[in-house]
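Everything on this sheet refers to the single structure shown next.
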Amino acid sequence: SPNFLLVGYLIKNRICTSDSETGGSPKWDNKAQYLLTCIGFAVGIGNVWRFPYLCQIYGGGAFLIPYLIALVFEGLPLLFLELAVGQRLRKGSVGVWKTINPVIGGVGIGCLIVSFLVGVFYNTILAWVLWYFFHSFQEPLPWSTCPLNESRTDYNLECKKSTPVNYFWYRETLNITPDIEISGSVEWGMVICLASAWCIVYICFIKGIDSMGKAVYVTSTFPYLVLTIFLIRALTLPGATDGLLYLFTPDWQTLKNPRVWLDAATQIFFSLSVAFGGLISFSSYNEEKNNCERDAVLVGVINSATSLYASIPVFSILGFKATTALNACKDENILALTNHFEFSDQNITLQNYDYWYEYLNTTYPGKFQSLSLRECDLQKLLKQVLTPSYSTGLAFIVFTEAVISMPGSQVWAVLFFVMLFSLGLSSMFGNIEGVLSPLNELKLLPRWIPKELTSAIICLISFLVALLFTLSSGNYWVEVFNGYVGSVPLLIIALFEIIGVIYFRGMKTFSDDIYIMTGKRPNIFWKACWMVISPLLLLVVFVAYVIVQAQTRPTYQAWNPDYEKFPETEQKLYPDWVFAIIILLCVVPVISIPLVALYQLLRGRFRKSSVGMELNPYDNDAFVTDTQEQKTQRA
Amino acid sequence: MIAYADFKIESLAYFSKKMPNHVRWVLQQIKSRIERLNALFRPVMHYNCSAHHEGTNMTEEASNISSDTAAYPWSKNEMFLFRAALAFAMRDYTNGEEFGVSDIHPCDETKRVSFWFVVTRPNTTDLVDKGTVEMAIKKSRNRINGAFLLTDQTLEFDGIYPTLAAPVSPDTPPWLIVFGVVMGAVSVGIIALLAYPLVQRKLKKNKDADDEDSDEETGVKTAEIGANDGIYNSTFSDDERFTQM
């Protein structure tokens, strides 16, 4: 608009801005950029491993029902709400809530803290991905064989007892300690990878959404390409159909377990990346007359479709892994039988294994029992294949093991880790945006700092905080953050978001907003969801979650080579001080909501929100401040 | 016979991670009461082998073993090759004692292509002790493997474990190369993106300075920079229209 240009001129010589040519707020180059950014933010590493993992433990195809119900009644309304609010009020996550009503301004600050904490540990996962990526260019892959022990007479003991893949992950990558209390030392290899990850995030974010918008063309589309390649490759592997059948065979009994519904609701939540504030910022850079209803439905549906699409190659590969393990088990038994009964070679093969097994068992039971053969059962192996009980290990243990058995391992490993990295990177953009735009709105940093420097400062501070995760016990801390920062605070923030929009802004005003933006008012479905269903669902989920967590003392799985049941992971209780930190992590992001509310109430500034007053097209903060400064300077 | 009854056969745990299609030989323990049994050693093949094999007399089959195994063709010729290879190994280890093919005595051959054998000193019936034979085999393991075109995994001597190959460690670790390339590209990108606007601004300043000079020279009226865009609103400015540089 001409006002912006004019103002840009007058202050051009005083303040050098490095903004885009419009001279003021950033803007998307085109609609595709915006959609790709939102989709990239929503689609993350969790879509690839957490969804298939949940699908598998909650009875395959039956999990889709609570998942889709949660998507329709909880995910989509929240998504639509955030996009609409951001696009209409054209501010970041702090500004919109302050605009609606200063009392709930704390919600934005909560979003800021959550985005920061999640960004810190999420990028650590990307650092691990980078480590694996760097190590995938070797022949043979370093996680395919055990290293030798010091005297070169045998393989390393820890590696022999577990598997080379586990050893590479726990010992060579993490160098993990047996307990969260034992911090160990800083792992320099990991520090380098972490620095690289933050540098890559920085270079993509160096110019705000101008540079990020270009980066998402690659980071959001490349994973789909790789997923398709993996899909085709995985479906041609032997045993793929077993894995797929296992995934999609519904076990209706699990629907009676309330944990399933709880996990479906929280999965949709974390998967769509609502309540982070990033989506609000992204949609505020849109033009006002944009159909955000269609965008919200599109993003939500694509996110869930990606989860489903990704679970097909995942389960095909897991079926392949189980089949490989089955054949190895059978080969072992065949060797034992052949040696013991002195048959000639190739008499017992994989094909006639079952026949020979039965025959020998019945004909020579004594001899047979003395061999104590291992039982080779496909269903058991399929279950066993998914035993890493916590999800971050799934990608690094399960997939890397599968990749070894595929011909051309290096290619698949490199492709896989690049895909994981771009999935995670596009999600990181949303996290960083969720930190940067509230910071700019809160005016915590002086105006003359260019945005390159702000991004650099944020990346540096996050890197320094994330050094905690490069300690030997770092993986345990990532699990703590993953489990607690990304669950309870988000639920509370989302609840307050809905309450804020529907009750503070008012359903009527909000419908008008949407009418202005899209040309039609929200229909009865949206209204019912916003006013009743979604808040109710969120409240129920929150209460249930707290109850479930409060019932048992939280535990974690520790990798302890001295454990008697090694290579199984040892279940340990969190010590008290870690428990206190967990409580802090849950409480600190949301404490700002009541604090700010109290502050505002005490100060008596209880302005009603009105569209006319807030959205003055001549209202340009920078302009007003500057001329006042000019006046005071000359006075 | 009594002496041999005392022998404990080496453990028959000869599998675990070995592949099928393997050939197995088992060494026999020599006890001190050899001298008493010297006279009994002539028919070595029949004697000591059947004593500790579980009942079945395998001797006939042993001498007539023929290969039906599809996996590894075994015949009397192959057995001859084995004996020759082992004789070579013994010669190599003992530095010259002239072991011959006739000094290696296999027995208890099975269809599985596995058998026991004993080694006697050349031209005598003194058995060579197990330790010496083991060392000899360890020394020439590669040659024996090579003779049969087999590997450590497919040819097993019970009780002799292969020495593991040292892991390959390249001079420059590959991960360093990839890391260097990626980080180099990222650093160059960051520096470029940070420096580019500064350079651009400097160029633009020079260009504007030139433009200003040319404008002043030609004396255009109000065609100072930007006067053409938009309507000037004098409400909010305190002093002159264009701020001084």
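The backbone N, Cα and C atoms fix where each Cβ goes, and this holds for glycine too.
Site annotation (TrEMBL, ligand Na(+)) includes A:GLY40, A:ALA42, A:VAL43, A:ASN47, A:ASN303, A:LEU423, A:SER427; from A:SER271, A:SER344, A:SER462, A:SER472, the additional listed residue is A:SER271. Just so you know, the Cβ of A:VAL43 (Na(+) binding site) picks up 27 other Cβ atoms within 10 Å once every protein chain is counted. In this structure, A:LEU423 (Na(+) binding site) is part of a helix by DSSP. A Cβ distance under 8 Å defines the sequence-distant neighbours of the transmembrane segment (A:524-548), meaning residues of its chain 6+ beyond its ends; these are 70, 73-74, 76-78, 80-81, 258-259, 262, 265-266, 293, 487-488, 491-492, 494-495, 498-499, 501-502, 507, 511.
Between the transmembrane segment (A:260-285) and the transmembrane segment (A:411-432) there are 3 or more Cβ pairs closer than 8 Å, counting only residues 6 or more apart in sequence, so the two stretches are in contact. Contact between the transmembrane segment (A:411-432) and the transmembrane segment (A:57-81) is absent: fewer than three CB pairs lie under 8 Å, with pairs separated by 6 or more positions in sequence. Among the stretches A:57-81, A:188-209, A:297-318, A:453-478, A:484-504, the one making the largest number of Cβ pairs under 8 Å with the transmembrane segment (A:102-134) is A:484-504. For chain B, the nearby binding-site residues by a Cβ gap under 8 A number none, drawn from A:GLY40, A:ALA42, A:ASN47, A:SER427.
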